[in-house]
Amino acid sequence: MTTSVIVTGARTPIGKLMGSLKDFSASDLGAITIAAALKKANVAPSIVQYVIIGQVLTAGAGQMPARQAAVAAGIGWDVPALTINKMCLSGLDAIALADQLIRAGEFDVVVAGGQESMTKAPHLLMDSRSGYKYGDVTIVDHLAYDGLHDVFTNQPMGALTEQRNDVEKFTRQEQDEFAARSHQKAAAAWKDGVFADEVVPVSIPQSKGDSLQFTEDEGIRANTSAESLAGLKPAFRCGGTITPGSASQISDGAATVVVMNKEKAQQLGLTWLVEIGAHGVVAGPDSTLQSQPANAIKKAVDREGISVEQLDVVEINEAFAAVALASARELGIAPELVNVNGGAIAVGHPLGMSGARITLHVALELARRGSGYGVAALCGAGGQGDALILRAV
């Protein structure tokens, strides 16, 4: 049976909303990471056969953002590209689809990942084409409406998660403690050079003088503590338990991996980080988020023929602390063992990028350890979940 491998990958540092990457489009960022990933892999753009990129906020981004990024990165005009929108699952699903296409015999070399500029999301004048005869009109925020608002319950996803917390019974303190650990672990990882293998600097032109090199995630606050987070007001409900500190940050960034048929990689004399294993895809029974990563992981490990206890590296995207806490509890994993180098609460959550970011991070972490199983998992809007098993052998 054909096996797919992740040869290597690259990501940008993650910028805060209206932060260092505010002037870059999602495709600009994607092009940077595609070019960097190919260079790191020692793979010529000419042998790439397909490009799959996740992006959620595409209004105003121009036609085919994935193809924009591919062409700008030097991939040929004869190479097709696909833009995926599966909300927060997009970047991971792009990699999973690359694996599926390779195993199906369609391609041998696929570039896959995710890109997002939440800063560049425009405001929309809905129904303007048909005109307005009288009265006020409302301008809709593309970021909020198409990115962060649950269409099934007509409320922000944070409010939906707050409602589910009434059932899950996670306290404000538990969520604050988890969020603080995310910042502390991410800060320590940067200090220890853990992210050096995955992050490519972004050169930011200046009006005068040399370009500025943007090199580190700018949302991490090393001095964050549960005590400092305790002073924040609830974000979604009076007396609620979720605050801006226990929710993921609105951010900009991109991540790309090079996925290849293992035999092709051997023919080219390449090494690789990991083999790609089973993919778990779940949904329902409603649009809530908390259980989706756990459900997807359970499905993926079952398809892989292993147990949760055999997972050495577990990345669960921190859309909210409550999501990671709930999924860890359902899996029987201690929360401190999830996201050992911090997560989206600290580094940020560019919607289309995050699945690719955590997949790349699991791959690199397994490669550092030399063996073992890892999983990258996320919840997604509409009550869906994806998980991808990786193995270093």
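Each Cβ is built from the backbone N, Cα and C atoms, and glycine gets one as well.
Database features, via Swiss-Prot:
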{"type": "ACT_SITE", "residues": "CYS88", "note": "active site, acyl-thioester intermediate"}
{"type": "ACT_SITE", "residues": "HIS349", "note": "active site, proton acceptor"}
{"type": "ACT_SITE", "residues": "CYS379", "note": "active site, proton acceptor"}
For CYS379 (active site, proton acceptor): DSSP state (helix, strand, coil)
strand
Hey, does DSSP put CYS88 (active site, acyl-thioester intermediate) in a helix, a strand, or just coil?
strand
Active-site residues considered: HIS349, CYS379; fewest surrounding Cβ atoms within 10 Å belongs to HIS349
